[in-house]
Amino acid sequence: MSSDKAKAFDAQFPTYKSEFQIPTFESLGIQNSKYSPETNSIYLCGNSLGLMPRNTTELINRELQAWSSRGVEAHFNHSHPQGTDWVDIDLPLLPLLAPLVGAKQNEVAVMGSLTSNLNALLIHFYKPKGKRTKILFEKQAFPSDYYAFLNIVQVFGYDASHLIQIEIPKGETYIKTETILDVFDKYEDEIAIVCLPGIQYYTGQFFDIAKITKHVKTSAPDVVVGWDLAHAVGNVPLSLHDWGVDFAAWCSYKYLNAGPGAIAGIFVNEKYTEQNKPENYKPRLAGWWGNNSSQRFQMLEKFDPIASALSYRQLNPSVLDCVALKSSLEIFNKVGGMLSLRDKSLAMTQFLQDILTKSNYYIEQGETDVNKFGFKIITPLDPNQRGCQLSLLFQPHRDEKKQNVMERVFEYLHQHAIICDERRPDVIRLAPLPLYNTFEETRIGATRLLEALEAIKDDYI
């Protein structure tokens, strides 16, 4: 693909790069005589850690100043005219976050971390009864999810046999929706919870959340449907309320650009938070920040949960984490949310795919020769079945790191400040983000990758 075509796309789709801090060759410690130290990197790694919004520093410094000048009194009397009293620091985030996940404001909360939130939701929603004791999820789930699922069945006295894992069929690179539905139908009478990723972290597959949720709830209304949206929130449009999802959890340090280890979020369908009706209340991991805010500081020995997802909060949230997340959510709000970004995302990832698939080093997904030199795209080639990420599987594999194709390509990219993500042993994930990446950057990144393969091909062919 020519630079002219990339620039034509860039003229069509706006970029919001100026809202973010972009690492340079110098700041990354990369020395390459072909580039000046102040040259910006091409950052295709927002699926691992999003870039820092420029406004984050100002917002965090505002809170540090409030702490410095007011101390504990900033909880109820912030020092800045635009500051939020710390007692309510997370509340301004809710109207910004809810549209990104397609929720009502009373269905979202900012709290904890992804795995701690998933554990809290499982404790609340996993209610094994009779034959319904099992959790259905994917075999290739992120390890932390597996640990959470295994732990919760063990808490109730069961073992790993109560975990049903859906595997990628032999010869395929991802799980088709029909496979998921077939496995559910096979074990329907034994399943208590279905919990899948909105987007699979390794392959980049965008699961059909609406279809899967509807199928499960139609076939077995008592089965709870939850989603790990770590790679979906801020990446693709979501409509959790309208889709009838029961619960979801996500992190904020990837596509939401809230910083490493950032505060996370949850969705709980409002039908579960009508606490004023005793028959609808279910015990959960409770804490004082989920209690009625008007009584919170009365120190009563009575838990009166807030009638919203906020009732799942256990403790007061980190002020610095909340304002870091707010700085990014305000950008999403400013540009019109995910629907306004999705068209660019679809076009940009397709642009990347078109460059790669026209290469002599591209290997079809169904190719079985593992010694053939090049790469496969293990992400669905259908744009509607993925987010912005493409996952490339390089071959042939070599146990020696210095001889492994993926490692050598990754090193070449890094020396040219093409920042992406490696998943050993053989995968590189490329994620052009519509907020701060351009088509020209995407073209250059793909070009450098193909250059790397050209440079080493004689060692394998």
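Every residue gets a Cβ built from N, Cα and C, even glycine.
Look at Swiss-Prot and you will find L114, T115, F142, P143, S144, D145, D228, H231, Y253, W288, N316 tagged as pyridoxal 5'-phosphate binding site. Swiss-Prot lists K254 with the feature N6-(pyridoxal phosphate)lysine, giving sequence analysis as the kind of evidence.
In this structure, S144 (pyridoxal 5'-phosphate binding site) is part of a helix by DSSP. A helical conformation is recorded for L114 (pyridoxal 5'-phosphate binding site) in the three-state DSSP classification. Spread of the pyridoxal 5'-phosphate binding residues is 31 Å (greatest Cα-Cα distance among L114, T115, F142, P143, S144, D145, D228, H231, Y253, W288, N316). Taking the binding-site residues F142, D228 in turn and counting surrounding C-beta atoms within 10 angstroms, the largest count is reached at D228. Taking the Cα atom of each, F142 (pyridoxal 5'-phosphate binding site) and K254 (N6-(pyridoxal phosphate)lysine) are about 15 angstrom apart. Calculated from their C-alpha atoms, the gap between L114 (pyridoxal 5'-phosphate binding site) and K254 (N6-(pyridoxal phosphate)lysine) amounts to 12 Å.
Around the Cβ of the residue listed as 'N6-(pyridoxal phosphate)lysine', the number of neighbouring Cβ atoms within 10 Å comes to 24. The DSSP secondary structure for D228 (pyridoxal 5'-phosphate binding site) is strand. Cα of S144 (pyridoxal 5'-phosphate binding site) to Cα of K254 (N6-(pyridoxal phosphate)lysine): a span of 16 Å.
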